[in-house]
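If you look up TrEMBL, you'll see 1-341 marked as domain 'K+ potassium transporter integral membrane'. Among the features that TrEMBL reports, domain 'K+ potassium transporter C-terminal' is placed at 353-604. Per TrEMBL, the feature transmembrane segment maps to 17-36, 48-70, 125-145, 165-192, 221-239, 245-266, 273-296, 302-319, 339-359.
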Amino acid sequence: MSVISSMSGIQAAADHLTHDGVVFLSCIILVGLFALQHSGTHRVGFLFAPIVLIWLISIMIIGLYNTIIWNPKIVSALSPYYIVKFFRETGKDGWISLGGILLSVAGTEAMYADLGHFSAFSMRITFAFVVYPCLVIQYMGQAAFLSKNLDSIPNSFYSSIPDGVYWPVFVIATLAAIVGSQSIITATFSIVKQCNSLGCFPRVKIVHTSKHKGQIYVPEINWILMILTLVVAIGFQDTTLIGNAYGLACMTVMFITTFLMTLVIIFVWQRSLVFAAAFLLFFWFIEGLYLSSAAIKAPQGGWVSLLLSFILLAVMLVWHYGTRKKYKYDLHNKVPLKWILGLGPSLGIVRVPGIGLIYSELVTGVPPIFSHFVTNLPAFHNVVVFICVKSVPVPYVSSDERFLIGRVGPKPYRMYRCIVRYGYKDAQQDTGNFEDLLIQSLAEFIQMESVEPQLSSPNSSSLDGRMAVISTNLQTHSPFIIDDEDFETCSTIQSSKSLTLQSVRSSYDDGNHENRKRRVRFNLPENSGMDPEVRDELIDLVQAKEAGVAYIMGHSYVKARRSSSCWKKFVIDVAYSFLRKNCRASAVALNIPHISLIEVGMIYYV
């Protein structure tokens, strides 16, 4: 809507250009805007603030000019008396007009999409002392112009611009519309990433376009958003219909946000229920008037917002429902530790060199894929680590609180549990570094456990050992001598006796330059005065790391039980299955190298 509105300035200056031509030019700009998203905003982001500032100053100057030239008495409209008089004389028509009045300020909330990059205080100062005054002065100027030129209502903004500055203002208006659209696109990427991290949206590809964590690019969402934008622009063409859809969406968001803010007042700020209720009723009364006015325009374009909201809500509900059902299946079918303890330290099979990282969503117990793996294959790794990756509802998790380490079973079993915690803005990257940090954290836990025996429960046959938060700093309290080496000169393929494996691993390393930058080698000091049992366990850990790391994940198929209702079968077997097949695999999302990945097929009947 903002791009079409800004491009309508060409039609105002060139009478021969039709409205279809304006829509066509707008679509070209929109396609170009979405096509440039993959390169990130950091290259041109420094221009955004000057463009918006020049735009606000320009419309403020034009507003002052029109107020002085056409009708200086318009400043009396700042008095609240006239809004009371307006509703008293117009009645129902005045209430209906609230939906259109809303659009005079709609769009300014897009600046709050930048809250991830600026402080809340700076946003308040900017809005109160820059954005709000410029908008008020501009609208006063338009009202002053229209009071003497009623025939210019259809295109009041461009008609009110003096001829000498018409084209410079048109250029600035177009650039400001593009910047505003960019803010909405960026905010969409950020919201989708956060919903993805919280398990409320299917996994999508997230590309970090710069060193700044907030600047991301989501290809699937970008192209879907472009298609929807073009469909709305070409299908409606009229900015009034698009404005009805936008106004209904905007007011619905404000209405819901007020309710959520009430929960913040009660549970976060710990204020009284009376204060929260007064806040809710006061703002809901005002917003309810605007929302009801916008809702009656649902047949005139507002239905688009409702339809898109329903589709997105359905996708999120189906994904969340299926994911929770799968998690509950794992929870109810986890392997009892008594069964594992009965197998003995060898787990009833041959223990081969290496580390096996078993990924699961369970934070306690042994996932069913482990028993499925053990009963179908005759060998398993000397060191077993159950990995659980959790996204916590905070932006970032510091490195000192990233890993939560514990032991599973007695020490001779060499089985551990690691809960890796990420904030919804943290980037899960660099697999090689993750392995090094994990080994270092396990070593620190083993050393800490010898000092604090209460961390483990060797005599327990049903419970896991207690877990401890381990810092992921490679140089802090390390029991190892850590050497950084070039990955090319000290490759893991040298320790392999298989020529075939060497050639495969070599070709993999050649195609992945990021994994060739550095490699950490762990060595134990000769005379450290360390407990012999602890030293033996650390030696086993180092030797397993040198032998290689394998990532074991479940390749799951979720199906509804035969006794389930038709509705549940449709949600699980059709909708959720479609989303799982067409979203990114969890191994790709977690940056797991394919050459080290082992997938265990599992069927979940939920």
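Backbone N, Cα and C atoms are what each Cβ position is placed from, and that goes for glycine too.
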Ranking 48-70, 221-239, 273-296, 302-319, 339-359 by Cβ pairs under 8 Å to the transmembrane segment (245-266) puts first 273-296
Given the transmembrane segment (302-319), its same-chain partners at Cβ distance under 8 Å and 6+ residues beyond its ends are 195, 199-202, 228, 232, 236, 244-249, 252, 294-295, 571, 575-576, 579
Long-range Cβ contacts under 8 Å made by the transmembrane segment (48-70), restricted to residues 6 or more beyond its ends, are 41, 130-131, 133-135, 137-142, 144-145, 147-149, 160-162, 165, 169, 172-173, 175-176, 179, 182
For the transmembrane segment (273-296), the distant same-chain contacts (Cβ-Cβ under 8 Å, at least six residues beyond its ends) come to 95-99, 102, 244, 247-248, 250-252, 254-255, 258-259, 261-262, 265-266, 302
On the domain 'K+ potassium transporter C-terminal' (353-604), the mean of the pLDDT values is 76
